[in-house]
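*Asks:* Below: one structure in structure tokens.
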Amino acid sequence: MRAPSARALLLIPRRGPAVRAWAPAVSSRIWLASEWTPLVRAWTSLIHKPGSGLRFPAPLSGLPGGVGQWATSSGARRCWVLAGPRAAHPLFARLQGAAATGVRDLGNDSQRRPAATGRSEVWKLLGLVRPERGRLSAAVGFLAVSSVITMSAPFFLGRIIDVIYTNPSEGYGDSLTRLCAVLTCVFLCGAAANGIRVYLMQSSGQSIVNRLRTSLFSSILRQEVAFFDKTRTGELINRLSSDTALLGRSVTENLSDGLRAGAQASVGVGMMFFVSPSLATFVLSVVPPISVLAVIYGRYLRKLSKATQDSLAEATQLAEERIGNIRTIRAFGKEMTEVEKYTGRVDQLLQLAQKEALARAGFFGAAGLSGNLIVLSVLYKGGLLMGSAHMTVGELSSFLMYAFWVGLSIGGLSSFYSELMKGLGAGGRLWELLERQPRLPFNEGMVLDEKTFQGALEFRNVHFTYPARPEVSVFQDFSLSIPSGSVTALVGPSGSGKSTVVSLLLRLYDPNSGTVSLDGHDIRQLNPVWLRSKIGTVSQEPVLFSCSVAENIAYGADNLSSVTAQQVERAAEVANAAEFIRSFPQGFDTVVGEKGILLSGGQKQRIAIARALLKNPKILLLDEATSALDAENEHLVQEALDRLMEGRTVLIIAHRLSTIKNANFVAVLDHGKICEHGTHEELLLKPNGLYRKLMNKQSFLSYNGAEQFLEPARA
């Protein structure tokens, strides 16, 4: 492992793995810091408690002022800076403002490259076949058998022609019969070997694609939410389906065909020299130009294949989004507009396909012409050699067949190379997804003792911007305390960041600075999976999966396999959902459709509440859970919510009086800060308070000499 030089700079996020290292000696060259993992660990082990400010390890205490000054400014909120003693001044200008002006963002996938591993992409492709090496080795063995038998045929057929061409003896018929019988058996063995080869390659290919898709899906689900903010769903689906299939073919069927073509070409060339060295030298002079053409064509095809896969991903994304929102399209009558948009995307794909077709036509046309010229040159030169008695008719026939096989094999190698380049083009993005490390830890960190766990929450001096919109500040010095077992309501104007509070509590994002704590522990120190297992959420528009009602409710349990039907039904009863569920023809086995489209808003809400009940969380987050419901459904849902909130730490994000008035504490959020706090009654007593104005806008308050609270009228 190469250690960084004294002029090297390392940026480490305040939470998460090391990101980038930059060395001024090589200008803008970027390394992933994972290459220096042991050194990174040594550095980070010397840094004290996370979140306590930037601290340099003792060996680097003499760091000059440039980096030190930047470290104590806004940059310290984002990264730790570790540098050699001569790194500061050349780099200071690059580090002003954002966390790293001269360093590319790992989350920007358009710039991000896969981690350097010391292997080429070809070796990465071959690395996929390692788990199947047993079957593939057997397939290669059968490939060798079938190739040897195939390439021995011209030699023996040439001998048969010589036997037929010369004057036959008395035993001519018997000899010919025996020779043909032996060759028939040999050819049958070759056919069997080839069939077994194809089966082993096909089955191995399917296993590789299956494993590749599973690994890719697992890697995608482990990424932080900010990754999905920047990456389109349709693109990920295309990588998961089309690219994996293309890559799988490249390392199995295509690799098998390439090995076969290479073996046959090698044996064929050897036999051509065995039959007639002078004729072989004359004929094979055309191979180098074809090889150069194949390399140029392959490189062009690789770039074109990547562009084609990207264009296909864009078309898939558009189709997936539009089909998923067909009701909105139908409501606005925009069917033909969307057809035109999709047609434009597939037309781009067609243009790329036409470019590929033109390139293939030129290359394979040139390869075919070369093959025909080879045959013609063999006939011409071979005829001259026969005329001078240097070749027999059988030898010329054998040579022609070998030349034919070599020509086919060269064509097969050309196809192999072009398909390999396609696989590499598709594999580039797959390697990025497979090797991408999430910025937030997935399943590591501290777990609190269940016996002492209370569920007290606190935001302290939180500053936050969404990674996809770093220029828009959401929170500025935001602080809020939610005692254990209390019910806190958070209200504020639209866009003030109320739902962002839920995202931070679930640790879907980390704050730029400040802390979010649970029972006094910074949640960035806690295991995210454990943390989320203790939090239940019910949102304004809950998302259900396209499966049965029972499966959707059971989804809230920690262990799906241990959930009983009685537990599901009990949760549904407490959530006021059992009655309408049992009215369905299939009851709890009723499939709810994509995103629960076959259910009403109130029904989806109550199923979501049942799902949260089955989870039995210590902390409950309600995000506008009743705002989109009519009066009847709101009453049923609110009744279920009241049962759900018993004995839990609850944060309610709402503007409906029925939801807010029973809260122990109300906090008003505006411009990224808590501007008012107190009980519902206390806040209403402030004549110019924002809370009172919000209540007026929602028609909760009327002035008739006395204050009365009225529910807003609904159409």
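Counting begins at 1 with the first residue displayed.
Note: Cβ is positioned from N, Cα and C throughout, glycine not excepted.
What Swiss-Prot records for this protein is below:
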{"type": "BINDING", "residues": "G495, G497, K498, S499, T500", "note": "ATP binding site"}
{"type": "BINDING", "residues": "S499, D623", "note": "Mg(2+) binding site"}
{"type": "DOMAIN", "residues": "136-422", "note": "domain 'ABC transmembrane type-1'"}
{"type": "DOMAIN", "residues": "457-696", "note": "domain 'ABC transporter'"}
{"type": "MOD_RES", "residues": "K230", "note": "N6-acetyllysine"}
{"type": "MOD_RES", "residues": "C547", "note": "S-glutathionyl cysteine"}
{"type": "TOPO_DOM", "residues": "83-133", "note": "topological domain 'Mitochondrial matrix'"}
{"type": "TOPO_DOM", "residues": "158-178", "note": "topological domain 'Mitochondrial intermembrane'"}
{"type": "TOPO_DOM", "residues": "202-252", "note": "topological domain 'Mitochondrial matrix'"}
{"type": "TOPO_DOM", "residues": "299-357", "note": "topological domain 'Mitochondrial matrix'"}
{"type": "TOPO_DOM", "residues": "382-395", "note": "topological domain 'Mitochondrial intermembrane'"}
{"type": "TOPO_DOM", "residues": "418-715", "note": "topological domain 'Mitochondrial matrix'"}
{"type": "TRANSIT", "residues": "1-82", "note": "transit peptide"}
*Asks:* Least buried of the recorded positions K230, K498, going by other Cβ atoms within 10 Å?
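*Replies:* Least crowded of the recorded positions K230, K498, by Cβ count within 10 Å, is K230.
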*Asks:* Taking only the recorded positions K230, C547, D623, which one has a CA atom nearest to the CA atom of K498 (ATP binding site)?
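*Replies:* Given the candidates K230, C547, D623, the nearest one is D623.
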*Asks:* Report the nearest neighbour of D623 (Mg(2+) binding site) in space among the recorded positions K230, G495, G497, S499, C547, comparing Cα positions.
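*Replies:* The answer is S499.
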*Asks:* For ATP, what surrounds G495, G497, K498, S499, T500 with a Cβ no more than 8 Å from their Cβ centroid?
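*Replies:* What remains near the Cβ centre is V474, G492, S496, V501, L669.
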*Asks:* Which state, by DSSP, holds D623 (Mg(2+) binding site): helix, strand or coil?
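*Replies:* The residue in question, D623 (Mg(2+) binding site), is strand (DSSP, three-state).
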*Asks:* Which one is closest to the residue listed as 'N6-acetyllysine' in space, judged by CA to CA distance, out of the recorded positions G497, T500, C547?
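*Replies:* That would be T500, the closest of G497, T500, C547 to the residue listed as 'N6-acetyllysine'.
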*Asks:* Using DSSP, would you call S499 (ATP binding site) helix, strand or coil?
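*Replies:* DSSP call for S499 (ATP binding site): helix.
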*Asks:* Compute the C-alpha separation of S499 (ATP binding site) from C547 (S-glutathionyl cysteine), stating it in Å without decimals.
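*Replies:* For S499 (ATP binding site) versus C547 (S-glutathionyl cysteine), the Cα atoms are 27 Å apart.
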*Asks:* What is the average pLDDT across the topological domain 'Mitochondrial matrix' (202-252)?
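*Replies:* Mean per-residue confidence for the topological domain 'Mitochondrial matrix' (202-252): 83 out of 100.
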